[in-house]
């Protein structure tokens with residue numbers, strides 16, 4: 001029976017976990033270097049662990065409360081699935097960070113030998129994280145699917161009922177991800193901005209200088225933000241991209257739209273694609289080998305490309321198999337949908353590179369504007385960020401239309417536009433799955449960056465020779481470029497997955513109320529669009545405000561230590577690192593709650609009031625959420641690199657007035673690209689999945705009224 | 001016959017013109033002061049006139065090309081109406097600016113006598129502008145209505161056909177407004193930023209110092225941006241708010257939705273409300289008298305309130321009359337719709353005040369963040385601006401729902417939701433009309449600000465005693481607060497008018513294709529929403545980039561003059577003011593074309609491709625356009641006032657590090673609040689009205705395919 005293919009998913013997930021365990025233990029077995037280095041690493045480990053434990057404690061309360069609400073309002077099973085989603089996400093983040101905070105000193109020590117060895121250590125640490133994220137997510141998800149959904153594959157209505165568990169799992173993953181991203185983002189940027197403003201600008205000491213009291217907090221921040229936060233982020237988008245087509249298929253099936261289509265295949269295909277992705281990622285690992293002197297960039301790209309080509313072949317094979325067994329329709333066309341998504345994701349990555357890399361005009365223009373001061377630097381940077389939204393949004397729009405077109409080609413016989421929903425949208429959902437199927441290796445390429453960054457920090461603090469620092473810097477720099485493509489995929493797939501979930505929401509409501517429709521001339525829907533479009537602005541305002549205030553407190557503390565602790569500057573007294581760590585920890589924990597809660601509560605409140613309004617709300621939120629995500633990430637990246645471009649000698653180089661102006665831009669860009677911007681994808685996915693999960697409640701309330 | 005009431009509109013418009021002529025000639029008869037002052041004013045006059053003439057020449061070409069396209073694609077009459085809309089808008093702007101550039105020195109001279117006299121001169125100059133704008137708009141509009149629409153009041157289909165002329169008129173007004181706002185905005189901010197960056201920051205000379213080569217350009221900018229640009233802006237929003245309910249009524253009538261409603265009343269009421277507004281504004285003038293020592297604020301508010309109360313009474317009377325003659329429905333309920341709009345507008349104005357005034361926490365927080373440098377000032381300012389969108393958007397959403405509710409109460413018998421459109425939306429359209437009906441006096445209160453500002457500049461340049469400058473500054477400061485309420489009305493009414501026009505677009509397409517619907521699950525519509533949401537970002541990027549580049553050129557020129565012309569600093573040589581004027585003029589003319597053209601071309605291209613997609617496009621554009629309008633205006637205002645707050649002595653006062661950081665924020669805020677932000681309302685209105693005007697073309701193309 002075809003559903004047995006679904007068992008591939010947990011099996012591949014278990015393989016992924018085994019490989020992750022092997023890689024992780026290999027990393028831990030490496031030599032952490034002399035005590036001077038390891039003791040710094042231990043400080044970072046302690047700070048990161050302390051933060052994560054406090055964060056998880058707060059999240060546990062939140063998860064428990066929501067689970068109780070879910071158990072009462074929806075079903076105990078949904079509540080349980082919600083808890084598993086949240087717990088697995090937290091475990092993946094914890095495991096990844098555990099290895100990363102130990103890989104830093106090992107990478108620094110390996111760099112004393114060669115860049116190739118340093119790459120090996122840091123990349124394996126990143127891939128451990130990547131495999132944990134993908135395997136944990138796929139394992140939990142596929143078990144719920146197999147136990148509850150596929151178990152009822154021949155009873156469509158029962159299956160539709162049970163799909164709520166899968167939604168619960170995804171809600172748990174998204175909610176934890178939002179808190180982890182926002183909390184980690186506030187932590188890391190408060191420390192970073194604070195450390196830079198006093199250390200670099202006022203005291204004139206270099207980055208990661210051990211005399212800077214905020215330097216440990218800064219390095220802890222890299223781990224809790226860029227490692228744990230990013231892991232939770234991708235856990236949720238990966239989950240979202242897999243469940244989107246599954247839920248859509250089940251919903252369409254229950255509405256009778258998919259009559260004639262082999263529903264078993266439709267619901268099984270997404271997890272099978274994901275399962276193949278774990279295996280191809282592991283194969284990709286073997287391609288990332290480099291010899292001393294060879295291009296690091298080429299090595300990493302080789303890994304990504306090998307995995308990608310294999311995965312595309314696997315996806316083609318899956319559709320081909322489905323096609324050969326299909327009675328009606330030609331599912332092979334869906335391969336076209338996947339290709340649309342992949343092409344859009346690639347090109348979005350390229351535009352990110354164009355707008356953020358110091359090899360192109362946009363960054364040069366910001367650098368030039370820095371000559372007339374910080375104000376023109378900021379204006380030019382904001383303008384660049386906004387301009388950079390044009391092409392990605394057009395690409396997403398084309399991907400939607402293209403994937404939909406192929407979806408329609410796949411099922412021409414059953415394409416019914418009843419209730420305004422077209423079955424071709426299934427293709428849009430699968431495009432998102434395809435883009436994120438190689439998440440494991442993508443994270444590997446992404447998460448090794450902060451490890452290398454940390455290694456550099458340790459090298460600096462332990463007083464290793466300049467040369468070592470240069471080696472870790474070169475590793476870090478390569479990571480920034482490769483990460484751009486991953487970012488493109490993340491943004492595009494978030495948009496497509498959100499749309500698919502949105503359509504599932506509409507289909508679910510339509511299932512309950514046949515005259516339910518989302519027409520743009522309904523005043524409630526217009527009002528909903530306005531409010532929804534506003535929420536990402538509110539979210540960005542709260543998270544940026546949090547960074548600004550926490551950084552302010554950090555600056556005051558660092559200034560106080562420089563003033564009151566005699567001998568810091570002469571290396572005679574050690575600064576009180578833990579006070580700065582405490583400031584970041586407390587600020588992050590305190591300030592992450594409000595934006596996170598709003599994201600959960602607002603859709604539920606609006607949905608209880610009017611399910612139509614919630615439809616408009618989601619459409620508005622997804623569109624401005626994507627815009628702000630692109631705008632803020634790219635503006636931040638462009639500011640960062642225009643500063644680096646000046647540091648390379650342009651417009652007067654380091655220390656010039658232009659450089660001072662560029663530092664202001666870079667600092668403004670910090671919360672843009674590492675706090676508010678990356679939270680947007682999670683925000684829109686979370687709000688959409690919450691609408692879907694709570695739709696039974698909205699239906700029940702409407703029936704009551 | 002009831003249509004004869006419509007003649008009230010051109011008659012009141014003529015009265016308005018006569019009063020404007022009287023006030024204008026009164027201003028010009030005042031003593032311009034000694035030659036030293038007048039010669040500065042003459043320079044400003046020349047610069048402003050030269051810019052406007054060049055701008056109008058370029059616009060003439062644009063208007064001619066579009067008119068030809070319209071004549072071919074739509075009808076020669078629509079083209080002619082388009083030209084009249086554009087020409088009348090330009091005339092109103094020119095007349096207002098002619099008086100304003102002469103009122104400046106007269107206000108400065110009057111300030112030597114007393115503040116009360118200075119207020120009298122500057123306010124009368126502002127009101128001249130306000131009456132020109134309102135009268136010209138209402139005159140042109142009502143003639144088209146009377147000749148073509150009301151002439152066919154008993155042949156609904158013919159009337160529907162002819163409503164295209166009215167749309168053409170509004171398109172002309174909106175297109176000219178967009179160019180005037182963007183061009184004027186780039187001009188004034190390039191000069192302002194340039195003058196400040198070199199003059200205040202580098203050379204350390206005060207604002208408006210005659211030694212600054214950019215100072216004349218700066219003062220010209222106040223006139224072409226804040227006077228002529230603002231006038232064209234309000235010309236278009238005033239026009240839009242009047243035609244929105246008229247077009248909706250005609251469209252509903254042609255679709256048969258309004259069966260039973262007295263269609264004559266429905267189409268006549270908006271112009272009659274506007275006609276009353278001109279008269280009440282004139283009466284309001286008499287309330288703006290102040291004695292020396294009395295509160296200026298109270299005087300201006302008295303004028304606004306007297307006019308507002310009278311206008312509300314007039315609106316009530318109009319609905320009461322309609323109600324008494326109505327066979328079906330109770331039009332008096334529509335008064336509730338108008339009140340919803342007014343309340344929302346008032347409260348939005350209050351939130352603007354809360355976020356931008358230096359009496360409240362948001363501005364204090366930005367000032368506090370300035371202590372840790374420019375970066376935290378910028379982050380806090382951006383965060384504040386984004387936060388300030390929450391309440392206005394909620395208020396607009398409530399106003400829509402409330403106005404719709406009362407609209408439904410008014411016509412319960414004919415409320416049909418056929419095709420998804422509810423007749424109650426007529427109430428939403430009327431709410432916009434009510435909000436802008438007192439435009440004449442609103443502009444008066446707004447446009448006297450730049451006159452007072454210019455008067456201060458002339459006082460400074462002519463070396464008048466400090467006391468005179470203080471008097472004009474106090475006038476200017478009051479203007480800033482009173483303008484906040486006007487801004488609230490402009491934003492809210494733009495949103496409501498755009499929605500009404502949007503619904504008219506949908507109804508028009510529905511009239512042509514009965515199965516035309518805008519459902520949110522149609523992939524084309526989703527793609528349309530994404531692209532539409534992106535356009536305001538693109539527009540902001542282009543206009544901000546233009547300011548950044550023009551300011552850059554200005555800075556280089558000012559630096560060059562300081563370097564090359566010996567003796568400027570010692571008052572021995574006069575700077576070359578005209579070179580700076582030329583830079584602003586050329587930059588504005590060159591850079592205004594692209595954003596303006598895109599706003600016109602994009603909706604037409606999308607509409608030709610898919611009218612459904614255009615529907616989604618408009619929904620996306622209106623929502624992010626409103627958000628960016630509020631965000632950018634408020635962030636700019638908050639930055640400005642946090643700088644002023646520091647200058648009053650907080651956080652170290654003038655010259656402190658916090659002050660330097662605040663100057664950066666203020667400079668970033670300049671294009672936010674005076675270039676990009678205020679163009680957003682025009683942008684969304686223009687794109688919506690273009691969709692409506694060109695709908696016959698889209699229909700013809702669809703029929704062909």
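Cβ atoms are placed via backbone N, Cα and C, with glycine included.
Just so you know, TrEMBL annotations are computer predictions that nobody has curated.
Below 8 angstroms of C-beta separation, residues 95, 98-99, 102-103, 106, 121, 124-125, 127-128, 131-132, 134-136, 138-139, 141-143, 145-146, 150, 268, 271-272, 274-276, 278-279, 281-282, 440 of the same chain, each at least six residues beyond the ends of the transmembrane segment (A:6-28), sit close to that stretch. According to TrEMBL, the transmembrane segment annotation covers A:6-28 (among others).
Annotation source TrEMBL lists transmembrane segment at A:79-97 (among others).
Residues or ranges marked as transmembrane segment in TrEMBL: A:127-150 (among others). Tertiary proximity for the transmembrane segment (A:127-150) is limited to same-chain residues at least six positions away from its ends with a CB under 8 Å from its CB atoms, namely 3, 6-7, 9-10, 12-17, 19-20, 23-24, 27, 77, 81, 84-85, 88-89, 91-92, 95-97, 99-100, 159, 162-163, 165-166, 169-170, 173, 227, 231, 234-235, 238-239, 242-243, 246, 250, 264, 267-268, 271, 274-275, 277-278, 281-282, 285, 439-444, 446-448.
Marked as transmembrane segment by TrEMBL: A:264-288 (among others). Below 8 angstroms of C-beta separation, residues 1-3, 5-6, 8-9, 11-13, 15-16, 19, 119, 123-124, 127, 130-131, 134-135, 138, 141-142, 145, 149-150, 153, 159, 238, 242-246, 249-250, 253, 258, 299-300, 302-308, 310-311, 314-315, 318-319, 322, 325-326, 331, 426, 430, 433-434, 437-441, 444 of the same chain, each at least six residues beyond the ends of the transmembrane segment (A:264-288), sit close to that stretch.
Summarising the annotation, TrEMBL assigns transmembrane segment to A:300-320 (among others).
Long-range contacts of the transmembrane segment (A:332-349) within the same chain, counting only residues at least 6 positions beyond its ends with a Cβ under 8 Å from a Cβ of the stretch, are 312, 315-316, 319-320, 322-323, 391-392, 395-396, 398-399, 402-407, 409-410, 426-428, 430-435, 484-489, 491-493, 496. If you look up TrEMBL, you'll see A:332-349 (among others) marked as transmembrane segment.
If you look up TrEMBL, you'll see A:386-407 (among others) marked as transmembrane segment. With a threshold of 8 Å between CB atoms, the same-chain residues lying at least 6 positions outside the transmembrane segment (A:386-407) that come near it are 333-338, 340-341, 343-344, 347-348, 351-352, 355, 362, 422-428, 430-431, 488, 491-492, 495-496, 499, 626-627, 630-631, 634-635, 638.
Taken from TrEMBL, the feature transmembrane segment applies to A:419-436 (among others). Note on the transmembrane segment (A:419-436): residues 234, 237-238, 240-242, 244-245, 248-249, 252, 255, 257-258, 266, 269-270, 273-274, 315, 333-334, 336-342, 344-345, 399-400, 403-408, 410-411, 442, 489-490, 492-494, 496-497, 499-500, 503, 506-507, 510, 514, 516-518 of its chain, located 6 or more positions outside it, place their CB under 8 angstroms from a CB of the stretch.
Feature annotation from TrEMBL assigns site 'Determinant of potassium dependence' to A:483.
If you look up TrEMBL, you'll see A:525-547 (among others) marked as transmembrane segment. Only residues 6 or more beyond the boundaries of the transmembrane segment (A:525-547), in the same chain, are considered here, and those with a CB under 8 A from a CB of the stretch are 182, 185-186, 189-190, 193, 518-519, 587, 591-592, 594-595, 598-599, 602, 606, 610, 612-625, 627-628, 632, 670-672, 675-676, 679-680, 683-684, 687.
Per TrEMBL, transmembrane segment is recorded for A:592-610 (among others).
The feature transmembrane segment is assigned by TrEMBL to A:616-639 (among others). Among residues of the same chain six or more beyond the transmembrane segment (A:616-639), those with a C-beta under 8 A of the stretch's C-beta atoms are 352, 355-356, 362-363, 366, 377, 381-382, 384-386, 388-389, 392-393, 396, 484, 487, 491, 494-495, 498-499, 502, 505, 518, 522, 524-537, 540, 603, 606, 662, 665-666, 668-674, 676-678, 680-681, 683-684, 687-688, 691.
Sequence annotations record features per position, and here TrEMBL assigns transmembrane segment to A:682-704 (among others).
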